[in-house]
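Database features, via TrEMBL:
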| type | residues | note |
| --- | --- | --- |
| ACT_SITE | His378 | active site |
| ACT_SITE | Asp430 | active site |
| ACT_SITE | Glu439 | active site |
| DOMAIN | 499-579 | domain 'Carbohydrate binding' |
Amino acid sequence: ILFFEAQRSGYLPHNQRITWRANSGLNDGKASGVDLVGGYYDAGDNVKFGLPMAFTITMMSWSIIEYGKQMAANGELGHAMEAVRWGTDYFIKAHPQPYVLYGEVGDGNSDHYCWQRPEDMTTDRRAYKIDPSNPGSDLAGETAAAMAAASIVFRRSNPAYSRELLRHAYQLFEFADKYRGKYDSSITVAQKYYRSISGYNDELLWAAAWLYQASNNKYYLNYLAKNGDSMGGTGWAMTEFGWDVKYAGVQTLVAKFLMQGKAGHHAPVFEKYRQKAEYFMCSLIGKGSRNIQKTPGGLIYRQRWNNMQFVTSASFLATVYSDYLTSYRGSLKCAAGNVAPSELLSFAKSQVDYLLGDNPRATSYMVGYGNNYPRQVHHRGSSIVSIKVNPKFVACRQGYATWYTRKASDPNVLTGALVGGPDAYDNFADERDNYEQTEPATYNNAPLLGILARLAGGHGGYNQLLPVVSPAPNPVIAKLKPAPKPKWTPTPASSSSPITINQKMTTSWNHKGKTYYRYSTVVTNKSYKTVKALKLSISKLYGPIWGLTKSGNSYGFPEWLNTLPAGKSLEFVYIHAASPADVSVSSYNLA
């Protein structure tokens, strides 16, 4: 999530955690008489490209919709929602009239000619739009999908904002459907960078699926059924999913609607979508009729340039499909036979383990994670000294001469960024000019958000159980008794307390006739100051505890922590054969 903060354009908020960045792009849209300040830079450059930005927001929203509970348990849900809102606030500005959408600010050619911090940009910041005479159904469709998915994210916490997003989504879908055309025929400067090779039919179906999920409006369900064949939703058997080609994502969502019992008389068409979704899943785990290529180390391999985007997006689909099937008590039917849903989740885990360092090079492809991660990232802001450290202006070509060619580690660590990754043989060169492998992108990280939340949730796993079916017991846990609902136990301190305590049961098992429960407890510092000398009081604890140090009758920070900075959380776990222990804050200092 921190990587998204490093990619922010516009006026940075007071709670910005990536502090080496400053305000940038403050005149974006001005020349066209529209305010386009904000949004995200998509990768290592300073252009705002609408199509990948919208796909990023859709996937981040989907991550939260499926695994928001797990994010909340880890104290990250608020940050994830802020990351979505940074995108949707921009899309509201970029959509000033029902049939007008701004799809790019800046252009790749002039931007790539310079190597500058976003704060120093001297490049052309022209804005490019689509409208009825210059349509772009793929761009408008993907933005509609992003707005619809995000409206679900904010439905409870901010109903008025959620309704506003849905209103934009309806209009954008209508615009996309009514005025058909490829966006890069209208915004031709995007062709070299984000050309829509798959056309716009996949985005129209994708937007319809998200609008149905957000509104429950049968019009969109009927649209999926009526256009499934003609637009390729039921026909395309895919082995990739990403910012350009959405078919596998559509097929996964429609399969979900089918399992939820929402298909009605459309079941035969939806069944065809589902077969294609399963074709994709089988190809990932090597059990299909045409399997996806993998490196010798086991990473999905699709192309030389930024291969990692396909790894995370495919692994995300495998993760949610595994959970859908588990809740539906179904199995995956592959050419090589039936497969248990848990195999899909194991596959996703193997991909995440690889990208975090479990690979032949023992390299973590996430910047700032592990000991051996990329130090020369192809990223302007990261590779040039922070404007806060040295405010001296860096000119267009000067950046190349001084910073780009420097064979040294980046002055600013781009924490959390997932780079393009290794080649077909697991080889990787950590060099700034090796942009195929060392450039990060927002759409690499967005789907990873959901997978990490799911994997961090342990066996207490899938919370996105389909409303129509009852949850199947998790196959990993033997002889499962109906476990008590994960019980959230807020701290007894007053509601204004700067420290919150959330407890959650993550798993349970039987041993010699007794049921044991594992509880995860997250302590979060909600204040703007640092918590020191924290003392917790824990009673009704009848088993071992990990992640705290006991002193006398109270518990304090573990050895590896002395303080809890603003907004940060610590987690401890304990196991016993009873309901949650009573945990409360007995004392602390704010500094």
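Using N, Cα and C of the backbone, Cβ positions are placed for all residues, glycine too.
Automated prediction, rather than curation, is the source of TrEMBL annotations.
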The domain 'Carbohydrate binding' (499-579): DSSP-derived helix, strand, coil residue counts: 0 helix, 52 strand, 29 coil
Among Asp430, Glu439, which are active-site residues, the residue with the most C-beta atoms within 10 angstroms of its C-beta: Glu439
Mean per-residue pLDDT computed across the domain 'Carbohydrate binding' (499-579): 89
CB contacts for His378 (active site) [other CB atoms within 10 A, all chains]: 23
Residue pair His378 (active site), Glu439 (active site) - Cα distance, angstrom, rounded: 5
Length of the line joining the Cα atoms of Glu439 (active site) and Asp430 (active site), in Å: 10
